[in-house]
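Trainee: Here it is: the structure, laid out below.
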Amino acid sequence: MVEGGVSKASKTEFTECWNIVWTTPYIMKLALSAGIGGLLFGYDTGVISGALLYIKEDFRDVEKKTWLQELIVSMAVAGAIFGAGFGGWINDRFGRKISLLGADVLFFIGAIIMAIAPQPWVIILGRIFVGLGVGMASMTAPLYISEASPAKIRGALVSANGFLITGGQFLAYLINLAFTKAPGTWRWMLGVAGLPAVVQFGLMMMLPESPRWLYRQNKVDEARAILEKIYPADQVEEEVNLLKQSVENEKAEEGLIGKDMISRLKGAFGNKIVRRGLYAGVTVQVAQQFVGINTVMYYSPTIVQFAGFASKSTALALSLVTSGLNALGSIVSMAFVDKYGRRRLMIVSMFGLSSCLVALAVVFFQAAIHAPTVSQIESSHFGGNNTCPAYITDGNAKSWNCMDCLKAKCGFCAHKGNEYLPGACLIDEKSTDTLCSDEHRTYFISGCPSSFGWLAVVFLGAYIITYSPGMGTAPWIVNSEIYPLRYRGVGGGIAAVSNWTSNLIVSLTFLTLTEALGSAGTFLLFAGFSLLGLVAIYLLVPETKGLAFEEVEKMLETGFKPSAFMKKSNKSEMHA
């Protein structure tokens, strides 16, 4: 947990973690209580994907306006940017515990506002509150866990927070499925998030502040009392002495850099060690988002509908599979993040992500080419007033297929008995959806019938499997380890803000991109970003596995040079 030097574990940190936690359950109590913030983080980012399908049913404006859908999804991300920024200051000024309690209050308020929302703008307001809580929890929970963990199992316990994030997303899909037939559907989906917030608030009230933060505030006895519950008796004094040395060095430097946020920011960017840490921390956080992961998390059922599965319940069920794989990948991360290292897992992950995104682009391209054609006879079958106006007025209407119909903001009514036969292109109204359904046909408004649809789901699953163990959890672990104590709050805040800003850009433009570039072009764009991220991680991100915080600081002071996948040498021992 503290600055003490620790020899690298000879077996996986997951096994070591289990042994230590079994003998010292207090550590797990701290980690899991803080980790509920990760669960809320995951739930509130995942639940909107399913809720959006039903919000569109209740508010026709939302269904008609892509930008309004993007706003409902992304305003939580916008809130998270400010939450992460202020969270860094709150962490340094008032402590990790207060920051988590504040996040719980915001989660609860946001959940209630969304559950009773009479209009889309009220949902957006609730999403902003939730986002503020998500932003604070996203950088506070791993920080608290990291500072309350012995160094040799630090990675595994921070990964446990990552598992709770993905577990929260999986829970969100389960809740979505559970309320598909209930009156109020999306209101229950969004409102349930208030319950875990209440639970965590109660648990955190009974838990201590981070011992590292307490010692920094000259509360030595309180810090020692917590360390005594975490470490064997023969190690406590050593940890206290190391904290003392670290804090003395910190206070000496504060005389030069000041205590206010502006001074700390200037000090952070003016400090060579912190600056190099930020290169690594910001790089992994931006790369994590620009591989497009939150398009899958926020729009997963919509993407499944793009692949040709029109049924909402089917889209939610298939999305549940991808979410489950995400949670499974987090368990893999817990088992191997400190055996193989954060850096190596991220690099392997980025290779896999690039491949899966290219494969998805190919699948969606083929699906668009082979989309069923539009039949004039089928379209007129439902009456001329119900036929898509753009189809009627287009002089080249004979060449239209389902994709052309959807691009014209109309709906495709698939042929009864065989969805791949020529179908009808109709005005996208509730009445035409009903006319189509009354004839036991399937109405498509997000994607077209496709024999390639199952391949899209397979590659989405493969994408998640390659993302979760590496880029899913490792960036948060790196950012909990890469900064000196005196800059950990502000450094983590800067990195978290960069993460949420990137997240906002991606989530706010995804549906617009799919309209402009098509699904294939959008996924190909993300593949290009993934390759750029791979290069940046290779060049800028060092390995931090098994290192005490002072060792990481010394490594950054010396400077990092890439050595991934090379045979160990004296130099690589220093950096690996």
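Placed from the backbone N, Cα and C atoms, the Cβ positions cover glycine too.
What TrEMBL says about a protein is an automatic prediction, not a curated fact.
Okay, so TrEMBL annotates it like this:
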DOMAIN    30-545  domain 'Major facilitator superfamily (MFS) profile'
TRANSMEM  30-55  transmembrane segment
TRANSMEM  67-86  transmembrane segment
TRANSMEM  98-117  transmembrane segment
TRANSMEM  123-145  transmembrane segment
TRANSMEM  157-179  transmembrane segment
TRANSMEM  185-207  transmembrane segment
TRANSMEM  278-300  transmembrane segment
TRANSMEM  315-336  transmembrane segment
TRANSMEM  348-369  transmembrane segment
TRANSMEM  452-478  transmembrane segment
TRANSMEM  490-511  transmembrane segment
TRANSMEM  523-541  transmembrane segment
Trainee: Select the range from 67-86, 157-179, 278-300, 452-478 that forms the most Cβ-Cβ pairs under 8 Å with the transmembrane segment (348-369).
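Mentor: Ranked by Cβ pairs under 8 Å, first place goes to 452-478.
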Trainee: Other than its close neighbours in sequence, what residues sit by the transmembrane segment (278-300), given a CB gap under 8 Å and a spacing of at least six beyond its ends?
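Mentor: Long-range Cβ neighbours of the transmembrane segment (278-300): 45-46, 48-49, 52, 73, 77, 169, 268-269, 319, 322-323, 326, 346, 350, 353, 357, 460, 463-464, 467, 471-472, 474-475, 478-479, 482-483, 491-492, 494-496, 498-499, 502-503, 505-507, 510-511, 522-523, 526, 529-530, 532-534, 536-537, 540-542, 560.
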Trainee: For the transmembrane segment (452-478), I need the partner stretch with the highest count of C-beta pairs below 8 angstroms, choosing only from 157-179, 490-511, 523-541.
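Mentor: Out of the listed stretches, 157-179 contacts the transmembrane segment (452-478) most.
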Trainee: Going along the chain, which residues at least six beyond the ends of the transmembrane segment (123-145) come within the CB cut-off of under 8 Å?
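Mentor: Distant Cβ neighbours of the transmembrane segment (123-145) are 30-31, 34-35, 37-38, 40-41, 44-45, 48, 55, 71-73, 75-88, 90-91, 96-97, 99-100, 102-107, 109-115, 117, 157-158, 160-161, 190, 193, 197, 210, 476-477, 479-480, 488-489, 492-493, 495-496, 499-500.
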Trainee: Counting CB pairs under 8 Å, which listed stretch among 67-86, 157-179, 490-511, 523-541 touches the transmembrane segment (30-55) the most?
Mentor: 157-179
Trainee: Counting only residues 6+ away from its ends, which parts of the chain sit with a Cβ under 8 Å from the transmembrane segment (490-511)?
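Mentor: Here the qualifying positions are 66, 69-71, 73-74, 77-78, 80-81, 83-85, 87-89, 91-92, 135, 138-139, 143, 261, 264-265, 268, 274, 277-278, 281-282, 285-286, 288-290, 292, 294-295, 298-299, 302, 475, 479-480, 482-483, 522.
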